[in-house]
Ligand SMILES: [Ca+2]
Ligand SMILES: [Ca+2]
Ligand SMILES: [Ca+2]
């Protein structure tokens, strides 16, 4: 087994307030905020925290244990690299044109209308912060993968039952 990272262990223990076997979404949000991975002095997005917890809760016990916690940060560091690479003007935020570029690089070819919807949803004054960006990318992947599952011949059209649609929309 790989050696445990003492910095990660200290952070994990410090936010696991009730000292049980895992972190709740609230405890995770505190951990993500204290890590300052977002690069800004404000709470890490609650929605992105929730999305990270849902997608990386590998043993499905609704808590984030230490291994899952480390995986959350590995995943975030990966996103951080993508974010920094595409933040061309080094503003620390993603603007419309930068987001457009990043989504193309990630394989999404969206219409201007779809880009507009995403920007309205995730930006503040046309700027998307790192935590919003992560939430946006994970949600987009979830919805796209889910849609493609039903789009059997990959022509951009899918037939799905109302309940399948609801499951897709609400399972993240
Ligand atoms: Ca806990
Ligand atoms: Ca878990
Ligand atoms: Ca920027």
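Using N, Cα and C of the backbone, Cβ positions are placed for all residues, glycine too.
The annotation domain 'EF-hand' is assigned in TrEMBL to 74-109.
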Sequence-remote partners of the domain 'EF-hand' (74-109) [C-beta within less than 8 Å, at least six residues beyond its ends]: 32, 37, 39-40, 52, 56, 115, 118-119, 123, 126-130, 133-134, 136-137, 140, 144
Mean per-residue pLDDT computed across the domain 'EF-hand' (74-109): 96
DSSP residue counts for the domain 'EF-hand' (74-109), split into helix, strand and coil: 23 helix, 2 strand, 11 coil
